[in-house]
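Undergrad: If you scroll down you'll find the structure; I have some questions about it.
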Amino acid sequence: MSGFFNISGKFGSKTKLKRSSSATRPLFLCQPYCNNSIVKGNFKTIVQLPKYVDANEWLAVNVFDFYNYTNMFYGSVSDFCTVRNCPNMSAGAGFEYLWMDGHKKQSKVPAPQYIDFVMSWIQTLINDENTFPTKDGRDFPPTFQQTVRAIFKQLIRVFAHVYHSHYDKMLSLCQEGHFNSLFAHFVSFGREFDLLDKKDIVPLQPLIDIMDNNGILC
């Protein structure tokens, strides 16, 4: 994991865009799956900063939950995310994420390796008392929100890969309602605290548009 995230907050990966020639509509955009959710209503009241709660504390608690739940859902389909099935970290035919090492050298890595790097990196950050302080009297670092944005940038890539490459397995496990709800919560929280760049949500923009039309995103 060394070199994946440096002190300046620059993140070790880059998106390479490709044109897609496929006209096939992804499963996650098809009815009724795209509308399946275990949450009814809007996420606004869930993601808002509660009164008297420190903003960084609220970010930290939610990052911890999003990390754990995303990791859990990925784990349920990880047997199908293999080097053979997923030789690169993609989010559909139009997006491929490249790995950048500590020397800023870009290279392709299989999706399971990429996601393992991401999850290990986040776990290391969460366990770092200097980044995610848990003891009384310890302050969050000035770069904490920048770190959270970097975490969100990578977690949405995991969402995008699962949606584009393994959503059929989510359907087989009857998990699509829970997974869709987690993603809606994630996007709503990202919007509330400006944690997601527009370019990072492009692979899942059609799904976000559907959720917006359904009124569940804040």
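Placement of Cβ uses the backbone N, Cα and C atoms for every residue, glycine included.
If you look up TrEMBL, you'll see Cys81, Cys86, His161, His166 marked as Zn(2+) binding site.
Walk me through the surroundings of each of these features.
TA: All protein chains considered, the CB of His161 (Zn(2+) binding site) has 26 other CB atoms within 10 Å.
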Undergrad: Can you tell which of Cys81, Cys86 has the least company, meaning the fewest other C-beta atoms within 10 angstroms of its C-beta, among these binding-site residues?
TA: Cys86
Undergrad: Please list residues from the chain of His166 (Zn(2+) binding site) whose Cβ is under 8 angstroms from its Cβ, counting only those at least six apart in sequence.
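TA: Val77, Phe80, Cys81 - these are the non-local Cβ neighbours of His166 (Zn(2+) binding site), listed in sequence order.
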Undergrad: What are the other residues, in sequence order, whose C-beta lies within 8 angstroms of the center of the C-beta atoms of Cys81, Cys86, His161, His166 at the Zn(2+) site?
TA: Val77, Phe80, Asn85, Ala111, Pro112, Ile115, Val162, Ser165
